[in-house]
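J.: What TrEMBL records for 1-28 is signal peptide. If you look up TrEMBL, you'll see 37-338 marked as domain 'Plant heme peroxidase family profile'. Residues or ranges marked as disulfide bond in TrEMBL: Cys49-Cys126, Cys82-Cys88, Cys132-Cys334, Cys209-Cys241. Annotation comment: TrEMBL describes Arg76 as site 'Transition state stabilizer'. Among the features that TrEMBL reports, Ca(2+) binding site is placed at Asp81, Gly87, Asp89, Ser91, Glu100. What TrEMBL records for Pro172 is substrate binding site. Marked as heme b binding site by TrEMBL: His202.
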Amino acid sequence: MMRERRTRWLVLSLVGLALMSCLCSVKAENTLQPPVKLIWHYYKLNTTCPDAETYIKHQVKLFWQKDKSITAKFLRLLSADCLSKNGCDGSILLDGRNSEKNAPQNQGLEGFEEIDKIKIVLEDRCPGVVSCTDILNLATRDAAHLAGAPSYPVYTGRRDCLRTSIDAVDFPSPSISWQEGLAYFESKSLDVLDMATLLGAHSMGKTHCSYIKDRLYNFNGTKKADPTMNKSLLKQLQKKCPKKSKTDPTVNLTPKSGNDYQFTGQYYSRILSKKAVLGIDQQLRFGDDTMQIAQEFAPKSGFEDFRRSFALSMSRMGNIKVLTGKDGEIRRNCRRRN
C-alpha cells in the first residue's frame with residue numbers, strides 16, 4: 001500500500017512541477033495541502049467494497065450517455081460542497097429547511113437524484129461502506145473525464161457530516177473582483193493557480209440571467225453595462241436576459257455551436273477577447289498572475305497544461321476539511337443522517 005501511495009504522490013508532484021516550469025513567475029503549490037488524511041484506492045485496499053470506484057464509473061457513464069450536462073451539474077455540486085465553510089463533507093446533499101442546498105447561492109443546483117441512484121447501487125452491493133461525499137468526488141471526476149478532462153487522482157476515505165446549515169454557505173457573488181475572488185480561494189487553502197484553474201470549469205454549463213444582469217445594465221452601480229465586456233456579446237446577452245424580464249432564464253457560460261458540455265480551453269480564449277459571461281471570469285484578465293495563467297491555457301498548445309492543472313486543483317479542492325476515521329458517519333441515504 002505504501003508503494004502505491006508514494007507512486008501517486010510522485011505523480012501529483014510531477015504534475016505540479018511540470019506546471020511550475022510553464023508558469024515560472026506564478027507562486028502556487030504543486031501538491032496536496034497538509035495534513036493529507038485520505039488514501040489512494042481506499043476502498044480497494046481497506047474495505048469490503050473493493051470495486052466501489054468501478055460501480056460508480058459505470059453508473060456515471062450511463063448518466064452521461066443520456067445527458068451530457070451531468071458533468072457541469074456534478075462540477076457545480078462538488079464545488080458547492082467543498083467550498084462551503086465545512087469543506088468536503090457531503091453537507092450539500094442533506095435535505096432540510098435550513099440545509100446548504102437552500103442557500104440563495106445554490107439556486108439551480110442539480111445532480112442530487114443521480115448521486116442518490118449511485119448510492120442505492122452501492123448500498124445494494126456493499127451496504128454501509130462508501131460515503132456520499134466520496135461518491136460525489138469520484139462521480140465528478142468520472143463525468144469530467146468523459147467530457148474531456150483528465151482522469152485525475154481522487155484520494156478517498158472521506159466520511160459524511162452529521163449536520164448542514166445555510167450559514168455554512170459563503171460563496172461570493174460572481175461579480176466580485178479578482179482580488180476578492182483570490183481572497184476567497186485563499187480562505188479555503190487554495191491559491192491563485194487553483195482559482196484560475198477551477199474557474200475553467202466554466203468552459204461548460206449555464207448560468208442564470210440574475211447572476212449577470214448587473215454586468216448588463218448596472219455595472220458597479222453606474223446604471224450602464226460593464227465596459228470590459230465585448231460589445232457583440234453584450235448585445236447577445238441583453239437579448240437573452242431582458243432588463244425587466246419576469247423570469248430568470250439561463251445562458252451558456254461558453255457559447256459555441258454543437259455540444260455545450262465539452263471540457264476545452266475555450267474559456268481562457270474568451271477571457272482574453274473580453275467575452276467571459278460571468279464577472280469573476282472576466283476579472284482574470286486584470287490580475288498579473290491570472291492573466292499569465294489565461295495566456296498559458298488559452299492556445300491549443302496550452303490545453304495539456306490546463307488539463308494537468310485541473311487534475312491537481314481538483315485534488316486539492318477535494319482535500320478541504322475532510323472527515324475521516326471515526327468522525328462523521330457513512331450515510332445509508334445521502335439526503336439524511338442515519
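In case you wondered, yes, glycine gets a Cβ from its N, Cα and C as well.
Could you place these features in context, so I can see how deep they sit and what lies close by?
T.: Cβ contacts within 10 Å of Cys49 (disulfide bond), excluding its own Cβ and spanning all protein chains shown: 18.
Spatially close to Arg76 (site 'Transition state stabilizer') yet at least six residues away along the chain are Leu109, Glu110, Gly111, Ala201, Gly205, judged by Cβ distances under 8 angstroms.
For Asp89 (Ca(2+) binding site), the same-chain residues 6+ apart in sequence whose C-beta sits under 8 angstroms from its C-beta are Asp81, Thr133, Arg158, Arg159, Asp160, Cys161, Lys321, Val322, Leu323, Gly328.
Cβ neighbour count for Cys82 (disulfide bond): 27 (other Cβ atoms within 10 Å of its Cβ, all protein chains included).
The 10 Å shell around the Cβ of Pro172 (substrate binding site) contains 13 further Cβ atoms across the protein chains shown.
Of all Cβ atoms in the shown protein chains, 24 besides its own fall within 10 Å of the Cβ of His202 (heme b binding site).
Around Cys241 (disulfide bond), the C-beta neighbours below 8 angstroms that are at least 6 residues distant in the chain are Cys209, Ile212, Lys213, Leu216, Pro249, Val251.
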J.: Say you check the Cα of Cys132 (disulfide bond) against those of the recorded positions Cys88, Glu100, Pro172; which is nearest?
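T.: Spatially nearest to Cys132 (disulfide bond) by Cα position is Cys88.
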J.: So among the disulfide-bonded residues Cys126, Cys132, Cys209, Cys334, who's got the most Cβ atoms within 10 Å?
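T.: Checking each of Cys126, Cys132, Cys209, Cys334, the winner is Cys132.
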J.: Consider the recorded positions Cys49, Cys82, Cys88, Glu100 and say which one has the Cα lying nearest the Cα of His202 (heme b binding site).
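T.: Smallest Cα separation from His202 (heme b binding site) among Cys49, Cys82, Cys88, Glu100: Cys82.
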J.: What are the other residues, in sequence order, whose C-beta lies within 8 angstroms of the center of the C-beta atoms of Asp81, Gly87, Asp89, Ser91, Glu100 at the Ca(2+) site?
T.: Cys82, Ser84, Asn86, Cys88, Gly90, Ile92, Thr133, Cys161, Thr164, Ala168
J.: Relative to the Cβ position of Ser91 (Ca(2+) binding site), how many further Cβ atoms are located within 10 Å?
T.: 26
